[in-house]
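Look at TrEMBL and you will find E179, D183, S382 tagged as active site, charge relay system. Taken from TrEMBL, the feature Ca(2+) binding site covers D424, V425, G448, D450. The annotation domain 'Peptidase S53' is assigned in TrEMBL to 106-470. Per TrEMBL, the feature signal peptide maps to 1-19.
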Amino acid sequence: MKLGACLLGLLALFGVGKCTYSPEPDQQLTLPPGWVSLGRVDPEEDLSLTFALRQQNLERLPKLVQAVSDPGSPRYVGGLHRFPPTSSLRQRPEPQAAETVGLHLGVTPSIIRKRYNLTAQDVGSGTTNNSQACAQFLEQYFHDSDLAEFMQLFGGDFAHQASVAHVVGQQGRGRAGIEASLDVEYLMSAGANISTWVYSNPGRHESQEPFLQWLLLLSNESALPPVHTASYGDDEDSLSSAYIQRVNTEFMKAAARGLTLLFASGDSGAGCWSTSGRHQFRPSFPASSPYVTTVGGTSFQNPFRITNEIVDYISGGGFSNVFPRAPYQEEAVAKFLSSSPKLPPSSYFNASGRAYPDVAALSDGYWVVSNRVPIPWVSGTSASTPVFGGILSLINEHRILNGRPPLGFLNPRLYQQHGAGLFDVTRGCHESCLNEEVQGQGFCSGPGWDPVTGWGTPNFPALLKTLIDP
(Lines of atoms letter the chains of each structure in order from A and count residues from 1; the text may use other names and numbers.)
(Lines give C-alpha, C1' and ligand atoms only; values in the text may rest on other atoms or scores of the structure.)
Protein backbone atom coordinates (compact mmCIF):
# COMPACT_ATOMS: atom_id res chain seq x y z
CA MET A 1 0.00 0.00 0.00
CA LYS A 2 1.12 3.61 -0.49
CA LEU A 3 2.27 4.98 2.87
CA GLY A 4 1.12 8.59 2.51
CA ALA A 5 -2.59 8.22 1.81
CA CYS A 6 -2.97 5.13 3.96
CA LEU A 7 -1.22 6.57 7.01
CA LEU A 8 -3.03 9.92 6.84
CA GLY A 9 -6.33 8.13 6.54
CA LEU A 10 -5.60 6.00 9.59
CA LEU A 11 -4.47 9.05 11.57
CA ALA A 12 -7.78 10.71 10.77
CA LEU A 13 -9.67 7.58 11.78
CA PHE A 14 -8.02 7.59 15.22
CA GLY A 15 -8.67 11.29 15.77
CA VAL A 16 -5.32 12.74 14.78
CA GLY A 17 -5.80 15.79 12.59
CA LYS A 18 -2.61 15.65 10.60
CA CYS A 19 0.86 14.14 10.44
CA THR A 20 3.42 16.80 11.43
CA TYR A 21 6.69 14.76 11.47
CA SER A 22 8.89 15.73 8.56
CA PRO A 23 12.60 15.09 9.20
CA GLU A 24 15.13 17.38 7.60
CA PRO A 25 17.27 15.75 4.91
CA ASP A 26 20.39 15.98 7.06
CA GLN A 27 18.75 14.95 10.32
CA GLN A 28 20.67 12.10 11.98
CA LEU A 29 18.68 9.13 13.24
CA THR A 30 19.91 6.87 16.02
CA LEU A 31 20.63 3.44 14.56
CA PRO A 32 21.27 0.18 16.43
CA PRO A 33 24.90 -1.04 16.44
CA GLY A 34 25.83 -2.63 13.14
CA TRP A 35 23.07 -0.87 11.13
CA VAL A 36 23.75 1.50 8.24
CA SER A 37 21.34 4.06 6.79
CA LEU A 38 20.79 3.60 3.06
CA GLY A 39 18.87 6.84 2.63
CA ARG A 40 15.21 7.76 2.28
CA VAL A 41 12.62 5.30 1.02
CA ASP A 42 11.28 5.95 -2.47
CA PRO A 43 7.85 7.66 -2.21
CA GLU A 44 6.40 4.93 -4.45
CA GLU A 45 7.67 2.07 -2.25
CA ASP A 46 4.92 -0.36 -1.18
CA LEU A 47 4.78 -0.93 2.59
CA SER A 48 2.75 -3.39 4.63
CA LEU A 49 1.59 -2.00 7.99
CA THR A 50 0.36 -3.91 11.03
CA PHE A 51 -1.44 -1.84 13.70
CA ALA A 52 -1.52 -3.55 17.10
CA LEU A 53 -3.74 -1.81 19.65
CA ARG A 54 -2.65 -1.32 23.26
CA GLN A 55 -3.54 -4.33 25.42
CA GLN A 56 -5.47 -4.20 28.70
CA ASN A 57 -5.15 -6.19 31.96
CA LEU A 58 -1.69 -7.40 31.04
CA GLU A 59 -0.74 -7.68 34.71
CA ARG A 60 -3.06 -10.73 34.94
CA LEU A 61 -1.50 -12.58 32.04
CA PRO A 62 1.73 -13.88 33.66
CA LYS A 63 -0.25 -15.34 36.58
CA LEU A 64 -2.66 -17.02 34.17
CA VAL A 65 0.21 -18.51 32.15
CA GLN A 66 1.81 -19.86 35.34
CA ALA A 67 -1.47 -21.35 36.55
CA VAL A 68 -2.30 -23.22 33.35
CA SER A 69 1.31 -24.31 32.63
CA ASP A 70 2.41 -25.50 36.09
CA PRO A 71 1.61 -29.22 36.59
CA GLY A 72 1.33 -28.56 40.34
CA SER A 73 -1.39 -25.96 39.87
CA PRO A 74 -5.06 -26.93 40.34
CA ARG A 75 -5.78 -24.95 37.17
CA TYR A 76 -3.22 -26.86 35.08
CA VAL A 77 -4.61 -28.04 31.74
CA GLY A 78 -1.57 -27.56 29.54
CA GLY A 79 -3.35 -24.46 28.27
CA LEU A 80 -6.90 -23.18 27.89
CA HIS A 81 -7.80 -25.55 25.04
CA ARG A 82 -8.51 -29.23 25.67
CA PHE A 83 -8.41 -32.05 23.15
CA PRO A 84 -10.98 -34.86 23.23
CA PRO A 85 -9.76 -38.19 24.68
CA THR A 86 -9.35 -41.13 22.32
CA SER A 87 -7.61 -44.45 22.80
CA SER A 88 -5.11 -45.51 25.47
CA LEU A 89 -1.37 -44.92 25.67
CA ARG A 90 0.90 -47.07 23.52
CA GLN A 91 3.72 -48.82 25.34
CA ARG A 92 7.38 -47.93 24.89
CA PRO A 93 10.57 -49.81 25.76
CA GLU A 94 12.72 -48.62 28.65
CA PRO A 95 15.33 -45.91 27.89
CA GLN A 96 18.60 -47.05 26.38
CA ALA A 97 22.01 -46.01 27.65
CA ALA A 98 23.17 -42.56 26.65
CA GLU A 99 26.25 -43.75 24.73
CA THR A 100 25.66 -45.31 21.30
CA VAL A 101 28.17 -45.83 18.53
CA GLY A 102 27.80 -45.89 14.75
CA LEU A 103 29.61 -44.36 11.79
CA HIS A 104 27.95 -41.66 9.70
CA LEU A 105 28.81 -39.11 7.00
CA GLY A 106 26.48 -36.38 8.16
CA VAL A 107 23.29 -36.05 10.17
CA THR A 108 20.16 -37.52 8.57
CA PRO A 109 16.79 -38.50 10.06
CA SER A 110 18.06 -42.01 10.82
CA ILE A 111 21.02 -40.55 12.76
CA ILE A 112 18.67 -38.30 14.73
CA ARG A 113 16.37 -41.20 15.51
CA LYS A 114 19.24 -43.45 16.64
CA ARG A 115 20.81 -40.84 18.86
CA TYR A 116 17.56 -39.86 20.54
CA ASN A 117 16.27 -43.46 20.87
CA LEU A 118 13.32 -43.26 18.49
CA THR A 119 12.21 -46.63 17.12
CA ALA A 120 10.37 -47.28 13.87
CA GLN A 121 7.16 -47.33 15.91
CA ASP A 122 7.71 -43.81 17.24
CA VAL A 123 5.64 -42.00 14.63
CA GLY A 124 2.24 -40.37 14.50
CA SER A 125 -0.71 -42.74 14.49
CA GLY A 126 -2.75 -40.84 11.93
CA THR A 127 -5.84 -41.32 14.12
CA THR A 128 -5.66 -38.14 16.25
CA ASN A 129 -6.17 -34.44 15.57
CA ASN A 130 -2.52 -33.84 16.38
CA SER A 131 -0.49 -31.48 14.20
CA GLN A 132 2.65 -29.35 14.18
CA ALA A 133 3.82 -26.22 12.39
CA CYS A 134 6.86 -24.21 11.41
CA ALA A 135 7.07 -20.55 10.39
CA GLN A 136 9.12 -19.18 7.52
CA PHE A 137 10.21 -15.55 7.10
CA LEU A 138 12.57 -13.37 5.04
CA GLU A 139 11.40 -14.70 1.68
CA GLN A 140 12.41 -18.26 2.58
CA TYR A 141 10.19 -20.89 0.93
CA PHE A 142 10.18 -24.67 0.66
CA HIS A 143 9.35 -26.80 -2.39
CA ASP A 144 7.10 -29.85 -2.24
CA SER A 145 9.43 -31.62 -4.68
CA ASP A 146 12.38 -31.13 -2.30
CA LEU A 147 10.44 -32.62 0.59
CA ALA A 148 9.39 -35.61 -1.49
CA GLU A 149 12.97 -36.25 -2.61
CA PHE A 150 14.27 -35.81 0.95
CA MET A 151 11.86 -38.43 2.27
CA GLN A 152 12.69 -40.77 -0.60
CA LEU A 153 16.40 -40.49 0.22
CA PHE A 154 16.28 -40.45 4.01
CA GLY A 155 12.83 -41.56 5.19
CA GLY A 156 12.87 -45.23 4.24
CA ASP A 157 13.04 -46.69 7.75
CA PHE A 158 10.02 -44.97 9.36
CA ALA A 159 6.45 -44.11 8.42
CA HIS A 160 6.16 -40.50 7.28
CA GLN A 161 4.18 -37.99 5.29
CA ALA A 162 5.76 -36.69 2.10
CA SER A 163 3.78 -33.46 1.77
CA VAL A 164 2.77 -30.54 3.94
CA ALA A 165 -0.87 -30.73 4.99
CA HIS A 166 -1.61 -27.00 5.03
CA VAL A 167 0.20 -23.81 3.99
CA VAL A 168 -1.01 -20.60 5.63
CA GLY A 169 0.02 -17.61 3.52
CA GLN A 170 1.54 -17.39 0.09
CA GLN A 171 4.50 -19.44 -1.07
CA GLY A 172 6.88 -17.33 -3.11
CA ARG A 173 8.02 -18.40 -6.54
CA GLY A 174 11.57 -19.12 -7.56
CA ARG A 175 14.29 -21.03 -5.76
CA ALA A 176 13.72 -22.76 -2.46
CA GLY A 177 15.64 -21.54 0.60
CA ILE A 178 17.93 -23.85 2.53
CA GLU A 179 16.49 -22.53 5.80
CA ALA A 180 12.89 -23.25 4.86
CA SER A 181 13.83 -26.65 3.39
CA LEU A 182 15.69 -27.59 6.58
CA ASP A 183 12.82 -26.58 8.86
CA VAL A 184 10.16 -28.52 7.01
CA GLU A 185 12.24 -31.63 6.33
CA TYR A 186 13.42 -32.15 9.89
CA LEU A 187 10.18 -31.20 11.63
CA MET A 188 8.44 -33.81 9.46
CA SER A 189 11.11 -36.47 9.98
CA ALA A 190 11.48 -36.02 13.75
CA GLY A 191 7.73 -35.61 14.24
CA ALA A 192 7.16 -38.31 11.66
CA ASN A 193 3.73 -39.04 10.23
CA ILE A 194 2.16 -36.05 12.00
CA SER A 195 0.15 -33.52 10.02
CA THR A 196 2.37 -30.48 9.38
CA TRP A 197 1.46 -26.87 8.62
CA VAL A 198 3.72 -24.13 7.28
CA TYR A 199 3.09 -20.46 8.05
CA SER A 200 4.58 -18.36 5.26
CA ASN A 201 5.05 -14.75 6.38
CA PRO A 202 5.92 -12.17 3.70
CA GLY A 203 7.29 -8.70 4.27
CA ARG A 204 9.60 -7.21 6.89
CA HIS A 205 9.41 -5.33 10.17
CA GLU A 206 12.30 -2.89 10.55
CA SER A 207 13.98 -4.90 7.74
CA GLN A 208 13.60 -8.06 9.82
CA GLU A 209 11.06 -10.82 10.49
CA PRO A 210 7.43 -9.70 10.91
CA PHE A 211 6.96 -11.72 14.10
CA LEU A 212 3.99 -9.65 15.25
CA GLN A 213 2.14 -10.16 11.98
CA TRP A 214 2.57 -13.94 12.37
CA LEU A 215 1.52 -13.94 16.05
CA LEU A 216 -1.59 -11.86 15.41
CA LEU A 217 -2.56 -14.38 12.75
CA LEU A 218 -2.22 -17.18 15.33
CA SER A 219 -4.27 -15.19 17.85
CA ASN A 220 -7.10 -14.85 15.35
CA GLU A 221 -7.29 -18.60 14.64
CA SER A 222 -9.43 -20.82 16.82
CA ALA A 223 -7.93 -24.16 15.72
CA LEU A 224 -4.23 -24.50 15.05
CA PRO A 225 -1.35 -26.90 15.76
CA PRO A 226 -0.19 -27.17 19.39
CA VAL A 227 3.55 -27.09 18.51
CA HIS A 228 5.17 -24.28 16.47
CA THR A 229 8.85 -23.93 15.64
CA ALA A 230 10.68 -20.86 14.33
CA SER A 231 14.35 -20.82 13.36
CA TYR A 232 14.67 -17.04 13.20
CA GLY A 233 15.77 -14.27 15.53
CA ASP A 234 17.28 -10.80 15.83
CA ASP A 235 19.63 -9.04 18.22
CA GLU A 236 17.61 -7.63 21.12
CA ASP A 237 19.15 -4.19 20.64
CA SER A 238 18.13 -4.06 16.96
CA LEU A 239 14.42 -3.85 17.78
CA SER A 240 12.43 -1.10 19.48
CA SER A 241 11.39 -1.68 23.09
CA ALA A 242 7.72 -1.14 22.22
CA TYR A 243 7.86 -3.77 19.49
CA ILE A 244 9.65 -6.34 21.65
CA GLN A 245 7.18 -5.90 24.50
CA ARG A 246 4.18 -6.14 22.15
CA VAL A 247 5.52 -9.35 20.60
CA ASN A 248 6.18 -10.74 24.08
CA THR A 249 2.57 -10.06 25.03
CA GLU A 250 1.50 -12.27 22.14
CA PHE A 251 3.88 -14.97 23.38
CA MET A 252 2.14 -14.80 26.76
CA LYS A 253 -1.23 -15.19 25.08
CA ALA A 254 0.02 -18.19 23.11
CA ALA A 255 1.32 -19.78 26.31
CA ALA A 256 -2.02 -19.20 28.03
CA ARG A 257 -3.78 -20.89 25.11
CA GLY A 258 -1.64 -23.99 25.53
CA LEU A 259 0.66 -23.54 22.54
CA THR A 260 4.26 -24.74 22.60
CA LEU A 261 6.42 -22.19 20.78
CA LEU A 262 10.05 -23.15 20.14
CA PHE A 263 12.69 -20.70 18.91
CA ALA A 264 16.28 -21.22 17.83
CA SER A 265 18.79 -19.74 20.28
CA GLY A 266 20.93 -18.30 17.46
CA ASP A 267 24.25 -19.14 15.82
CA SER A 268 26.57 -16.51 17.33
CA GLY A 269 27.26 -18.03 20.73
CA ALA A 270 26.93 -15.39 23.42
CA GLY A 271 27.17 -12.71 20.72
CA CYS A 272 29.24 -9.57 21.02
CA TRP A 273 28.89 -5.85 20.56
CA SER A 274 31.14 -2.94 21.40
CA THR A 275 30.28 0.64 22.37
CA SER A 276 32.87 3.24 23.37
CA GLY A 277 35.48 0.51 23.70
CA ARG A 278 33.34 -1.54 26.08
CA HIS A 279 32.53 -5.11 25.09
CA GLN A 280 29.30 -6.91 26.02
CA PHE A 281 27.53 -10.10 25.02
CA ARG A 282 24.60 -9.61 22.66
CA PRO A 283 21.38 -11.55 23.44
CA SER A 284 18.92 -12.60 20.77
CA PHE A 285 15.14 -12.15 20.57
CA PRO A 286 12.69 -13.99 20.54
CA ALA A 287 15.11 -16.53 22.08
CA SER A 288 15.25 -14.30 25.18
CA SER A 289 11.48 -14.18 25.73
CA PRO A 290 10.43 -15.88 29.00
CA TYR A 291 7.35 -17.32 27.25
CA VAL A 292 8.97 -19.43 24.54
CA THR A 293 11.07 -22.58 24.79
CA THR A 294 14.48 -21.84 23.33
CA VAL A 295 16.62 -24.53 21.68
CA GLY A 296 20.42 -24.49 21.66
CA GLY A 297 22.81 -26.63 19.64
CA THR A 298 25.23 -29.54 20.11
CA SER A 299 27.71 -31.59 18.10
CA PHE A 300 28.75 -35.20 18.32
CA GLN A 301 31.92 -35.65 20.36
CA ASN A 302 33.28 -37.52 17.33
CA PRO A 303 31.84 -35.82 14.23
CA PHE A 304 31.64 -39.12 12.30
CA ARG A 305 30.18 -41.32 15.05
CA ILE A 306 26.89 -41.41 16.92
CA THR A 307 28.32 -40.59 20.33
CA ASN A 308 27.57 -38.41 23.31
CA GLU A 309 27.17 -34.72 22.54
CA ILE A 310 29.25 -31.67 23.34
CA VAL A 311 28.57 -27.96 22.86
CA ASP A 312 28.34 -26.69 19.30
CA TYR A 313 30.43 -23.53 19.67
CA ILE A 314 27.92 -21.47 17.66
CA SER A 315 25.02 -22.33 20.02
CA GLY A 316 23.32 -19.11 21.08
CA GLY A 317 22.77 -18.50 24.77
CA GLY A 318 23.09 -16.02 27.58
CA PHE A 319 21.01 -13.50 29.52
CA SER A 320 18.45 -11.00 28.29
CA ASN A 321 19.00 -7.27 28.66
CA VAL A 322 15.23 -6.69 28.31
CA PHE A 323 13.40 -9.38 30.30
CA PRO A 324 14.07 -10.24 33.95
CA ARG A 325 14.88 -13.78 35.02
CA ALA A 326 11.77 -15.95 34.81
CA PRO A 327 10.48 -17.24 38.19
CA TYR A 328 10.40 -20.83 36.92
CA GLN A 329 14.18 -20.79 36.30
CA GLU A 330 15.31 -18.98 39.45
CA GLU A 331 16.78 -22.04 41.16
CA ALA A 332 18.54 -23.45 38.08
CA VAL A 333 20.14 -20.17 37.02
CA ALA A 334 21.23 -19.23 40.54
CA LYS A 335 22.89 -22.63 40.88
CA PHE A 336 24.75 -22.19 37.59
CA LEU A 337 25.99 -18.71 38.50
CA SER A 338 27.19 -19.84 41.91
CA SER A 339 28.83 -23.11 40.82
CA SER A 340 30.25 -22.53 37.34
CA PRO A 341 34.06 -22.71 37.61
CA LYS A 342 34.69 -20.13 34.87
CA LEU A 343 32.21 -17.31 34.31
CA PRO A 344 32.86 -14.37 31.97
CA PRO A 345 33.37 -10.98 33.65
CA SER A 346 30.11 -9.74 35.15
CA SER A 347 30.21 -6.59 33.00
CA TYR A 348 29.60 -8.71 29.91
CA PHE A 349 26.11 -9.94 30.77
CA ASN A 350 23.01 -9.14 32.79
CA ALA A 351 22.99 -11.90 35.42
CA SER A 352 19.42 -10.99 36.47
CA GLY A 353 17.99 -11.35 32.96
CA ARG A 354 15.97 -14.18 31.43
CA ALA A 355 18.51 -16.94 30.79
CA TYR A 356 18.40 -19.13 27.71
CA PRO A 357 18.38 -21.68 26.04
CA ASP A 358 16.09 -24.13 27.83
CA VAL A 359 16.98 -27.29 25.87
CA ALA A 360 19.16 -28.32 22.94
CA ALA A 361 19.57 -30.83 20.11
CA LEU A 362 22.11 -31.64 17.41
CA SER A 363 22.85 -28.60 15.25
CA ASP A 364 25.90 -29.66 13.25
CA GLY A 365 26.40 -31.36 9.88
CA TYR A 366 22.88 -31.97 8.50
CA TRP A 367 21.90 -33.22 5.07
CA VAL A 368 19.20 -31.08 3.41
CA VAL A 369 17.53 -31.29 -0.01
CA SER A 370 16.95 -27.87 -1.58
CA ASN A 371 16.14 -27.19 -5.24
CA ARG A 372 16.37 -30.96 -5.84
CA VAL A 373 20.03 -31.04 -4.71
CA PRO A 374 21.16 -32.97 -1.58
CA ILE A 375 23.35 -30.54 0.39
CA PRO A 376 25.65 -31.82 3.18
CA TRP A 377 27.00 -30.20 6.36
CA VAL A 378 24.24 -27.66 6.97
CA SER A 379 24.54 -26.45 10.55
CA GLY A 380 22.83 -24.14 13.04
CA THR A 381 20.21 -24.06 15.77
CA SER A 382 17.83 -23.76 12.82
CA ALA A 383 18.29 -27.55 12.67
CA SER A 384 18.03 -28.36 16.37
CA THR A 385 14.77 -26.42 16.79
CA PRO A 386 12.51 -28.40 14.38
CA VAL A 387 14.06 -31.66 15.64
CA PHE A 388 13.11 -30.88 19.22
CA GLY A 389 9.70 -29.64 18.08
CA GLY A 390 9.01 -32.87 16.19
CA ILE A 391 9.89 -34.94 19.26
CA LEU A 392 7.49 -32.88 21.39
CA SER A 393 4.80 -33.52 18.77
CA LEU A 394 5.34 -37.27 19.22
CA ILE A 395 4.89 -36.83 22.98
CA ASN A 396 1.70 -34.85 22.33
CA GLU A 397 0.52 -37.79 20.22
CA HIS A 398 0.81 -40.08 23.24
CA ARG A 399 -0.84 -37.56 25.53
CA ILE A 400 -3.80 -37.13 23.19
CA LEU A 401 -4.17 -40.91 22.79
CA ASN A 402 -4.20 -41.15 26.58
CA GLY A 403 -6.95 -38.55 26.92
CA ARG A 404 -4.72 -35.69 28.01
CA PRO A 405 -4.18 -32.23 26.48
CA PRO A 406 -1.02 -31.31 24.57
CA LEU A 407 1.94 -30.11 26.62
CA GLY A 408 1.34 -26.40 26.23
CA PHE A 409 3.95 -23.96 27.50
CA LEU A 410 6.73 -26.32 28.53
CA ASN A 411 9.15 -24.24 30.60
CA PRO A 412 7.58 -24.36 34.11
CA ARG A 413 7.38 -28.16 33.98
CA LEU A 414 10.83 -28.46 32.39
CA TYR A 415 12.54 -26.54 35.19
CA GLN A 416 10.48 -28.17 37.96
CA GLN A 417 11.61 -31.57 36.76
CA HIS A 418 15.25 -30.45 36.51
CA GLY A 419 15.68 -31.64 32.95
CA ALA A 420 14.48 -35.19 33.55
CA GLY A 421 14.38 -37.19 30.31
CA LEU A 422 17.22 -35.23 28.70
CA PHE A 423 20.85 -36.09 28.03
CA ASP A 424 22.91 -33.61 30.06
CA VAL A 425 25.60 -31.93 27.95
CA THR A 426 28.54 -31.06 30.18
CA ARG A 427 31.47 -30.41 27.83
CA GLY A 428 32.32 -27.38 25.72
CA CYS A 429 31.94 -23.61 25.55
CA HIS A 430 30.46 -21.30 22.95
CA GLU A 431 31.95 -18.30 21.17
CA SER A 432 31.78 -14.60 22.02
CA CYS A 433 33.93 -11.46 21.77
CA LEU A 434 37.35 -11.76 20.13
CA ASN A 435 39.26 -9.60 22.59
CA GLU A 436 42.00 -10.17 25.13
CA GLU A 437 39.65 -10.26 28.10
CA VAL A 438 37.48 -13.24 27.07
CA GLN A 439 39.45 -14.44 24.02
CA GLY A 440 36.41 -15.49 22.03
CA GLN A 441 34.82 -17.59 24.79
CA GLY A 442 31.36 -17.06 26.21
CA PHE A 443 29.76 -19.46 28.68
CA CYS A 444 30.65 -23.12 29.23
CA SER A 445 28.36 -26.07 29.80
CA GLY A 446 28.30 -28.05 33.03
CA PRO A 447 26.12 -30.44 35.04
CA GLY A 448 22.46 -29.45 35.05
CA TRP A 449 21.18 -26.31 33.35
CA ASP A 450 23.61 -23.95 31.61
CA PRO A 451 23.21 -20.97 29.20
CA VAL A 452 24.72 -22.92 26.30
CA THR A 453 22.66 -26.13 26.01
CA GLY A 454 19.95 -25.57 28.62
CA TRP A 455 18.96 -28.83 30.32
CA GLY A 456 20.31 -30.91 27.43
CA THR A 457 19.13 -32.99 24.48
CA PRO A 458 16.17 -35.39 24.21
CA ASN A 459 16.21 -39.07 25.14
CA PHE A 460 12.78 -39.84 23.71
CA PRO A 461 11.59 -42.77 25.85
CA ALA A 462 12.79 -41.11 29.05
CA LEU A 463 11.33 -37.74 28.06
CA LEU A 464 8.02 -39.38 27.15
CA LYS A 465 7.92 -41.06 30.55
CA THR A 466 8.59 -37.73 32.22
CA LEU A 467 6.05 -35.68 30.24
CA ILE A 468 3.17 -38.12 29.76
CA ASP A 469 1.52 -37.27 33.11
CA PRO A 470 -0.50 -35.46 34.25
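Each Cβ is built from the backbone N, Cα and C atoms, and glycine gets one as well.
TrEMBL annotations: computationally assigned, not manually curated.
Positions of TrEMBL features highlighted on the structure.
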{"residue": "E179", "record": "active site, charge relay system", "CB count, 10 Å": "22"}
{"residue": "D183", "record": "active site, charge relay system", "CB count, 10 Å": "28"}
{"residue": "S382", "record": "active site, charge relay system", "CB count, 10 Å": "26"}
{"residue": "D424", "record": "Ca(2+) binding site", "CB count, 10 Å": "18"}
{"residue": "V425", "record": "Ca(2+) binding site", "CB count, 10 Å": "27"}
{"residue": "G448", "record": "Ca(2+) binding site", "CB count, 10 Å": "17"}
{"residue": "D450", "record": "Ca(2+) binding site", "CB count, 10 Å": "30"}
Those recorded positions, out of E179, D183, D424, G448, D450, that come within 10 angstroms of S382 (active site, charge relay system) at the Cα: E179, D183
I want the residues beyond D424, V425, G448, D450 whose C-beta is within 8 angstroms of the mean position of the Ca(2+) site's C-beta atoms, in chain order. G419, T426, S445, G446, P447, W449, T453, G454, W455, G456
Given the model, what does the mean pLDDT over the domain 'Peptidase S53' (106-470) come out as? 95
